[in-house]
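Peer 1: Right, I'll just put the structure down here and ask away after.
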Amino acid sequence: MDYVVLACRVLVAMVFVASAASKLLSAASFRSFVTATRDMAVPAPLAPAVAVGVVAGEIGSVALLVLWPGGVAGFVVAGVLLVAFTAGIAGVLLRGKDQSCNCFGSTTAPIGPRHVVRNVALLTVVAAGLLCQTPWEAEYHWTGVVAASVAGLVGAVLVLSTDNLAELLASGAAEDPEQRPAAQDDRAAGASGGR
């Protein structure tokens with residue numbers, strides 16, 4: 001179970017590192033995040049303070065996940081942030097607003113149900129990290145640490161690529177259906193040696 005907790009810690013920490021870094025990359029990135037925060041029904045005068053609080057929470061959760069034994073406090077902070085993010089995204093969807101998600105920096109991808117699914121998946125990882133805690137001090141073997149860390153990193157890359165993966169899948173589904181049979185015929189001819 002300790003390796004599951006480690007994988008969860010790595011995944012959540014990497015997602016929040018990327019999220020905070022994308023917002024702090026430049027003054028323009030942070031302004032864009034403040035605007036996105038305001039567009040999520042946060043009153044305009046409070047939007048800058050809320051944006052600073054979000055970034056501070058993201059950085060704090062990373063520090064707690066990395067430095068705190070077991071990462072329990074980091075998982076709790078991450079869970080609270082994810083619940084708030086999910087509520088904000090759901091609010092945008094319910095109001096029918098066409099707004100981009102600035103979760104990992106400025107993007108043109110509009111907020112959609114996939115962002116709720118992504119956050120629920122992250123909340124599941126947070127819950128697993130909390131539920132798999134053990135009361136005893138873990139003895140880690142380096143191969144388990146490497147495997148758990150790689151699993152966490154791969155999971156983080158998938159989470160961070162949500163919009164790109166959704167666009168890729170959507171573009172594949174939007175292909176011209178009349179072109180598919182020709183492409184399949186070409187593959188079949190190639191597989192049979194061009195007979």
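Cβ from N, Cα, C; glycine included.
I grabbed these lines from TrEMBL:
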{"type": "DOMAIN", "residues": "1-131", "note": "domain 'Methylamine utilisation protein MauE'"}
{"type": "TRANSMEM", "residues": "6-25", "note": "transmembrane segment"}
{"type": "TRANSMEM", "residues": "46-68", "note": "transmembrane segment"}
{"type": "TRANSMEM", "residues": "74-95", "note": "transmembrane segment"}
{"type": "TRANSMEM", "residues": "116-136", "note": "transmembrane segment"}
{"type": "TRANSMEM", "residues": "142-160", "note": "transmembrane segment"}
{"type": "REGION", "residues": "171-195", "note": "region 'Disordered'"}
{"type": "COMPBIAS", "residues": "177-188", "note": "compositional bias 'Basic and acidic residues'"}
Peer 1: Between the transmembrane segment (6-25) and the stretches 46-68, 74-95, 116-136, 142-160, work out which stretch tops the count of Cβ pairs under 8 Å.
Peer 2: 142-160
Peer 1: Helix, strand, coil residue numbers for the domain 'Methylamine utilisation protein MauE' (1-131) per DSSP?
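Peer 2: Output for the domain 'Methylamine utilisation protein MauE' (1-131) reads 103 helix, 4 strand, 24 coil.
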